[in-house]
Amino acid sequence: MGLLALLMTIWSLRRFELIWLMTKGGPVGATETLVIDLYSQAFDSKELGSAAAIGMVGVVISLIVIIGSRLVARAVEKGDVR
Amino acid sequence: MRRFRFGVTARIVAVLVVLGVAVFPLYWMFVTALSSNSDLFADQPRLTPDLGQFGVFVDALAEGKAAGWLLNSLIIAVGTMVISVGLGIPLGYALSRFSFWGKAVLTVVLLFTQMLPEALMVVPLFALFRRFELLDSLAGLVLVNSAFVLPIVALILKGAIDGIPKELEEAARADGARPFTTLTRINMPLIAPSIAATAVIAFFHAWNEYVFAVTFIFNPELQPASVGIANFIGELGTPIQTVMAVAFLFTLPAVAFYLLVQKYVVSGMTAGAVKG
């Protein structure tokens, strides 16, 4: 369960195409996620600098989730958590 | 006895439901492509295809662009498959059998790259590609797709090679085989199902890829189908039948390819059990 939850979190962080093609983050940012914001900053507003900054934040968030998932996966292998 | 029967019936129903959920969108795509305009916006949705409208498929292909898109997608997907599997086999072998400095770190980093959102990498890759003049070229897309799918391929193949008894390789070495010969003559035939599975994964990854394709390709002639279909969606109007016809043609080769190799895929996936 814990592993599944973390994997779903990672996949949700990665999701881009569906949101971009259906709403582009709109209306007025209601469906905007981190990667959508990054992409529109970079290629709609041409603000490469702020896009890179968003990217760094994204990397940090992803790393936290990924490390968490590794810890949970290791616990599952040991049999501590199910 | 009655309980047993009930179990079988329930299982059949469950399979049919799952099948329906999986197949119905494909069927709906087909029906929508073959509907007239009045059918599309009618109160009662049309559930059977109107075969008299079959010209949509011909039109979609004859208009010229769709065939080119599909060809571009095919080039990208096959290129990605060849490069990532070609590099993934030796990489998986090295990770499985040899010990070298930084191996544990390399394995973990491979896993990490697989989990990072691809869209995060678009901006740095864009800058990099501009410097190397890889923007607006299919070769660039093949490279970037290979880079993103290679970790998965290598880790699955590592798992598969881990499952082969070491004694087989020792026997080959006793007969005078070098590591490379051992890989090609002993290991590769044994992990053929896993190689097929990774080939499918690499192919579909590149076939469905959208973010990089839409960012790095400006020339409409070089667009793959995933981008082309999305570009049909316009502010003023979306030619629904054409979109559905092209989307159906986009799905068909992928399904055909999968059916061709699917008997290897399931065993290959479980043989190379990568956790994480």
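Note that the numbers count up from 1, one per residue, in the order the chain is shown.
Just so you know, glycine gets a Cβ as well, placed from its N, Cα and C.
Under the heading domain 'ABC transmembrane type-1', TrEMBL lists B:70-261.
If you look up TrEMBL, you'll see B:12-30 (among others) marked as transmembrane segment.
Among residues of the same chain six or more beyond the transmembrane segment (B:69-93), those with a C-beta under 8 A of the stretch's C-beta atoms are 138-139, 141-143, 145-146, 149-150, 153-158, 160-161, 183, 187-188, 195, 198-199, 202-207, 209, 213, 222-229, 246, 249-250, 253. Residues annotated as transmembrane segment in TrEMBL: B:69-93 (among others).
Per TrEMBL, transmembrane segment is recorded for B:105-126 (among others).
The transmembrane segment annotation in TrEMBL covers B:138-157 (among others).
Taken from TrEMBL, the feature transmembrane segment covers B:188-207 (among others).
The transmembrane segment feature in TrEMBL is assigned to B:240-261 (among others). Tertiary neighbourhood of the transmembrane segment (B:240-261): same-chain residues 26, 29-30, 32-35, 40, 53, 56-57, 59-61, 63, 66, 69-70, 73-74, 196-197, 199-200, 203-204, 207, 225-226, 228-229, 232-233, selected by CB-CB distance under 8 Å and a gap of 6+ residues from either end.
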